[in-house]
Amino acid sequence: RAVGAAHLPRLQHRPRGAGPPHPTMPPPVLLRLCLCVAAAASSFILRGDHHLAGLFSLHTTARQDDTSLATFKSHGYCLAQALRFAVEEINNSTTLLPNVTLGYEIYDTCSESTNFHATLCALARKGRQDVQVLPSFQHYEPQAVAVIGPDSSRLALTTAAVLSLFLIPEVSISYEASTELLSLKQLYPSFLRTIPSDKQQVKAIFLLLQHFGWTWVVLLGSDDTYGRAGLDALQELLTASNVCVAYRGTLPANSDASNPELHNLVQILTDVKVNVTVVFSTRGRVLPFFEVAVQRNITDMVWVASEDWSLAQTVWQVPGIQTIGTVFGMAVEKPEPTMLERFEAWKMWEEGAVAECGSSAEAGRESAGSTRLDCTQCCTGCRALATVPDMYDAQGSFSVYSAVYAVAHGLHDLLGCASGACSKGTVYPWQLLQNIKEVNFTLYKSRISFDAHGDIRKGYDIVMWKWLGPKWASDVIGTFHVNPDRLSIDPGKILWHTEDVPECCCLSACKPGEMRLQQSRHKCCFSCVPCPPGTFLNTSDPFDCQACGLDEWAPAGSEVCFNRTIEFLSWSEPLSCALLALAVLLMLLITALAVLFALNASTPVVKSAGGKTCFLMLGSLACTCSSLFCYFGEPSRVACLLREPLFAISFTLFLSCVATRSFQILCIFKLNARWPALYEAWMRRQGPVLFVAASTAAQVALCVATEVASPSVPRREYGVRDERVMLECTRSAAADAATAYTLLLSAACFALSYAGTDLPAAYNEAKSLTVSLLLHLGCSAAVLCSHGTLRGQAETVARVLSALGTLAALLGGYFVPRAFVILLRPHQNTAEHFQMVIQEYTRRLAAA
């Protein structure tokens, strides 16, 4: 059976409790290790009560179908050593698995074929080379109770698919096996890993771009599962945000610096002129890309590295790479130095056993025969391994170390070792899987536990490359924590290749209140247009101005809406107080005139003014004045219904009385001589009463009909001024009809008044009444002309002023002169005076 192993120094099993030698053992300057051919290499096998299968890429090949050109891979060797170190520690422990020993068998998975062969070997029955087919996975007893590895997403997907059929725990340990696909428990129920999934890494990169405000980036990824899945997840996050991808490219596989695809990719990167590039790739694929980038003089840019190459020695050793600019990277949280020191001490202790390899190399080559399945069997010589520390190796070693301890803790719980002695019963992998999922322990200050997807609860360090002259170094400038996801950056540790944070956007940011007008398929390329009045720019959608609410307003270029001011003629405003004071004065004047006329009702002046009709006229004017109070305060339904009809009906009553009185005077002094029967018929048939009642009734009917058909109700008018809401009554047809009727009646009164300009002086109020009616007509015309020009409060004030002016003119033209005679010229308020006036009028007519 060829197991794909390298002939390493035979393991010397130390007694339980014995630790590694003291870490101060002097390290060799150069560790030399011979990797030799063996068909059955027991040096990579350790027998124990329960076995682990270790799948590591100890070699790498240029072609997956040809292992004859395999080259040694120091990183895979370091991971294999970490497994051996962890197993030896556990076997020497008196508290973890106290009376149980762990064994292992390590396989070299440098190609897909060797990886699949190693997976089948782990599934094979103990001591056999076949996989038994059983009706249920619950009774499988394979060679290995758990598998550690492999160390790439491509190989892990194959291994996880096979092992999940048998529910054999697989704990992956490589940065490259971080693809989010492996978190799908429906497909890979037995897969767990001791590194964060790419889902967390993608979130960390996304938050890093957001933190610095970079919205115009290039995405590059390796042409494999790791690169494609990572870029897909990242682009999905960026698309849902305000970050745009100027270009997305793929780093070709199995290429070198002479590959024209790489040169074309670098040319595109130069043409798009983007300052920030995210490279989600494996270290092997990104190396030739940076060689070409340095050749083509790509400088002063910002690079965001995925964790696979962020600390890769092979990348930062590219000559001239110092000029490319600022390099940020994702890195798994740094392991505790104590563990690394112990691991290094253990490897130095192993040095003595390494020397045996030289003497067994020739024997290994002779025993190789024709067996050529495994990459390790293709080694034709020895390799020199320098002991230069590599953080990538350190982090990977701790992941392997954590994976072995996770399996050990699961076994510890399954075998009931808490009592001090472990059970010797059969361990089925599906049982162990449940226990591993539930482990929760601390390993060198690092918490080891798995979530529901089998992913370890770990975040990332945000690292930055630093150059101290020609020497490379890295510094942790921030961290990404999970549950909840949060990014913290220490700006004091960042050394930019420029003085300030580089900007990376297609266009400059818009000013507050300006929306983005997209100019191309990229949302980040836009022109800025101020939001029109009545709209605002919501931060959740910078590409569309949203309309304000009905009771809100906003000026042009606004980010918020403001509440509109509700406008009406309130009782407390100074202008309202002045108008109300005038209305009250008119009411007091009307009351005073009514009292005066009542006290002098039998006098000729009162009788000539209409007698008892004066009180009806004064009452109608009082009602007209009281209708003005309906214009103040917040409009209500009752106020809107009353103010127009009350004014129109009351004023119609007054004008009807004035017209009747004027007609009677004309009949007495002018028409009676020609048509004496006319006045007698007028008086006999109660003409004055009928006329006043009929004209008033017509106005009442007109107002009621129009209010029923189109009632005046309160409404909010939004279209007059942006920042105000006009609270007003709707103008019904009653207002226009009533105004027209009163104007017609006023014109009749004016004509009758003007016809009596030559009457006796005691009965001749034509001049003052004519002037009063002209003022009324002028006020009414002014109100009609301002309709549609004045709105809201101004319109209400105009109406009230017009009504006050009309009332004051009529009182001043008709009643005040008579009150003046009663109070100040009592000698004119006698029957003799009126007889003398009539006689003078008769003589004047006779003389004419």
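Using the three backbone atoms N, Cα and C, a Cβ is placed for every residue, glycine included.
What TrEMBL lists as region 'Disordered' is 1-23.
Residues 571, 609, 611-612, 614-615, 618-619, 621-622, 625-626, 628-629, 632, 797, 800-801, 804, 807-808, 811, 815-816, 818-819, 822-823, 829 of the same chain lie 6+ residues outside the transmembrane segment (578-601) yet bring a C-beta within less than 8 angstroms of a C-beta in it. Taken from TrEMBL, the feature transmembrane segment applies to 578-601 (among others).
According to TrEMBL, the feature transmembrane segment maps to 613-634 (among others).
Positions annotated as transmembrane segment by TrEMBL: 646-669 (among others). Within its own chain, the transmembrane segment (646-669) has Cβ neighbours under 8 Å at 609-610, 613, 616-617, 620-621, 623-624, 626-628, 630, 678-679, 682, 687-688, 691-692, 695-696, 699-700, 703, 734-735, 738-739, 741-742, 745-746, 748-749, 752-753, 755-756, 759-760, 763, 769, 803, 806, 810, 814, 841, counting only residues six or more beyond its boundaries.
Taken from TrEMBL, the feature transmembrane segment applies to 689-713 (among others). Long-range contacts of the transmembrane segment (689-713) within its own chain (CB-CB distance under 8 A, at least 6 residues past either end) are made by residues 616, 637, 640-641, 644-645, 648-649, 652-653, 655-657, 659-660, 729-735, 737-738, 741-742, 745.
Sequence-distant contacts of the transmembrane segment (733-757) (same chain, six or more residues past either end, CB-CB distance under 8 Å): 644-645, 647-649, 651-652, 655-656, 658-659, 662-663, 665-666, 669-670, 695, 698-699, 702-703, 706-707, 709-710, 712, 763-767, 769-770, 773-774, 776-777, 780, 784. As annotated by TrEMBL, transmembrane segment applies to 733-757 (among others).
With a threshold of 8 Å between CB atoms, the same-chain residues lying at least 6 positions outside the transmembrane segment (769-790) that come near it are 658, 662, 739, 742-743, 746-747, 749-750, 753-754, 757, 798-799, 801-803, 805-806, 809-810, 812-814. Among the features that TrEMBL reports, transmembrane segment is placed at 769-790 (among others).
Taken from TrEMBL, the feature transmembrane segment covers 796-816 (among others).
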